[in-house]
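Everything on this sheet refers to the single structure shown next.
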Amino acid sequence: MQPILSITDLTKTYATGFKALKGISLDIREGEIFALLGPNGAGKTTLISIACGLVRPSGGRVTVGGHDITADYRSARGMIGLVPQELTTDAFETVWDTVTFSRGLFGKRRDPAHIEKVLRDLSLWDKRDATLRTLSGGMKRRVLIAKALSHEPRLLFLDEPTAGVDVELRRDMWRLVRALRDDGVTMVLTTHYIEEAEEMADRVGVIRGGELILVEEKAALMRQLGRKRLVIDLAAPVPGLPETLARHRLKASADGAQLFYTYEAAAAGAPDLGGLMQDLAGAGAVVRDVTTSQNTLEEIFVDLVSQRA
Amino acid sequence: MNIHAVRAIYGFEMARTLRTLTQSIVSPVLSTALYFVVFGAALGSRIPSVDGVSYGAFIVPGLVMLSLLTQSIANASFGIYFPRFTGTIYEILSAPISAFEIVAGYVGAAASKSIVLGLIIIATSALFVPLHVEHPVWMVAALVLTSVTFSLFGFVIGIWADGFEKLQLVPLLVVTPLTFLGGSFYSIETLPAPWRQIAYLNPVVYLVNGFRWSFVGRADVPPEVSFGMTLAILALCAALIAWIFRTGYRLKT
Ligand SMILES: Nc1ncnc2c1ncn2[C@@H]1O[C@H](COP(=O)(O)OP(=O)(O)O)[C@@H](O)[C@H]1O
Ligand SMILES: [Mg+2]
């Protein structure tokens with residue numbers, strides 16, 4: 001199937017000479033939720049802005065639904081909804097007017113029933129006659145989402161949708177994202193929180209310094225993330241691992257003073273830690289200390305990236 | 001053609017006008033009335049007539065022009081500057097809409113407002129002086145053409161400005177002086193040399209005189225020259241705007 005968003009060798013060098021994107025290639029499948037994960041300044045907003053026509057690419061090619069974003073910008077942009085990172089709204093318009101305006105801007109005929117549905121989905125219906133400057137930050141963000149949904153986009157960009165957002169809005173947002181996915185809307189969201197990617201995304205792309213260093217199915221990423229490591233300090237080294245410990249698949253440090261036990265914290269069958277301790281005692285090992293550590297995202301990235309190299 | 005988008009922008013801008021009715025309509029009308037009181041009634045009684053036209057009637061086209069120029073520029077420049085300032089321009093720039101359609105929406109709204117304003121000022125002036133329009137069709141044509149031209153010019157300023165001061169700068173330092181020196185309140189022909197020759201370098205002279213010709217049938221400049229000059233300014237502004245959208249100047253990085 002043709003990808004809904006196809007990015008090929010995309011580069012961006014700002015007027016300052018700063019290379020914000022260094023040759024990004026990425027295909028987004030129709031209907032998926034893709035999380036673009038990366039620290040501040042990684043180039044997430046730049047990437048989205050190019051796809052939406054707000055920033056000019058320096059090189060490469062982007063198509064939306066097969067339409068080139070420059071040569072055939074009308075068809076390409078008509079499919080896109082954008083919820084920007086910054087809270088930018090008009091001040092004196094009403095919620096209803098500003099959302100209706102967005103729909104017109106994207107070339108769709110008036111459809112009050114659709115606007116009503118969008119406002120209700122976002123708990124904005126009661127606020128439809130309120131002027132925007134009277135709304136709280138959270139409400140304004142809802143309005144921005146409503147504007148992006150007003151013209152029924154096939155591809156929705158959410159640039160850091162939950163940055164500085166309260167719990168309630170966060171929950172509403174995820175419910176909305178699921179509902180949109182059920183309607184077949186493709187979503188690309190950016191975040192620097194792994195939890196956010198974990199909660200919603202089908203696939204995760206990691207961007208850093210203008211480079212896409214990893215694209216992975218979320219499930220695979222999370223399996224890695226869920227892995228824990230138990231470090232067992234022994235009072236005295238155990239020379240070689242006794243047979244009775246074989247079933248635990250332990251690893252030993254070079255001097256034999258430490259044993260490592262790796263297990264899936266989130267796996268269905270709980271790890272048999274009690275059995276492990278009994279077997280250790282049975283083998284005559286004196287356990288002095290036990291610590292656990294969880295794989296950090298950083299480690300997983302390094303792991304996955306080095307696997308690929 | 002994304003006609004829904006043009007209508008959306010036009011409607012948005014006109015709604016803004018209605019919200020700020022006092023500022024948009026009432027204050028220009030009031031200041032025009034003040035001009036009539038000062039120039040028409042107080043001073044005009046001592047100036048019998050210019051070129052066979054009563055002084056009050058003589059300054060009507062100039063007064064309308066003054067409002068038309070300043071209001072067209074103010075409306076159009078603010079209309080596009082404000083979304084740039086707040087950041088809401090992102091939506092316009094990401095919409096499936098051409099440069100022509102964006103300009104049609106913003107400039108169309110600013111020009112509409114100026115045209116209505118011009119007609120209101122003409123009607124107001126009829127309260128002070130006996131009004132006669134020699135060439136009504138040309139009068140309306142000049143009104144429309146000038147409004148569109150200077151709304152385009154305002155659009156350019158609204159893109160160029162990177163602060164509210166700059167937004168005021170051109171109207172205040174260039175347009176208003178040129179209008180006052182452009183024969184709004186006197187005939188250029190009454191100026192001594194070399195000021196008369198210098199005055200003809202001022203484009204506003206041609207606008208005012210074209211408009212005056214449509215009212216009284218006489219002017220310092222032949223009407224063809226006046227209309228030609230207006231069209232030339234219009235073409236210049238349109239070319240500037242085309243360049244802005246082609247290069248993304250102050251709009252896209
Ligand atoms: N208009 C600009 N001119 C110069 N540099 C910019 C501009 N916009 C963004 N940058 C730089 O490009 C980098 C990527 O920015 P951005 O795409 O906003 O990152 P992210 O959204 O991942 O935080 C940053 O280092 C930022 O400073
Ligand atoms: Mg960003």
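The backbone N, Cα and C atoms fix where each Cβ goes, and this holds for glycine too.
Per TrEMBL, the features are as follows:
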DOMAIN    B:19-248  domain 'ABC transmembrane type-2'
TRANSMEM  B:21-43  transmembrane segment
TRANSMEM  B:55-82  transmembrane segment
TRANSMEM  B:89-109  transmembrane segment
TRANSMEM  B:115-133  transmembrane segment
TRANSMEM  B:140-161  transmembrane segment
TRANSMEM  B:167-186  transmembrane segment
TRANSMEM  B:198-215  transmembrane segment
TRANSMEM  B:227-245  transmembrane segment
Residues outside the transmembrane segment (B:167-186) whose C-beta sits under 8 Å from one of its C-beta atoms, at least 6 past its ends, are 39, 50, 59, 62-63, 65-66, 69-70, 73-74, 77-78, 81, 157-158, 161, 199, 202-205, 207-209, 220
| request: Please work out whether the transmembrane segment (B:115-133) lies in contact with the transmembrane segment (B:227-245), by counting C-beta pairs under 8 angstroms that are 6 or more apart in sequence and asking whether there are at least 3. | output: no
Same-chain residues at least 6 beyond the ends of the transmembrane segment (B:21-43) with CB under 8 Å of its CB atoms are 55-56, 59, 63-64, 67, 71, 75, 113, 116-117, 120-121, 124-125, 128-129, 185
The recorded stretch from B:55-82, B:198-215, B:227-245 sharing the largest number of CB pairs under 8 A with the transmembrane segment (B:140-161) is B:55-82
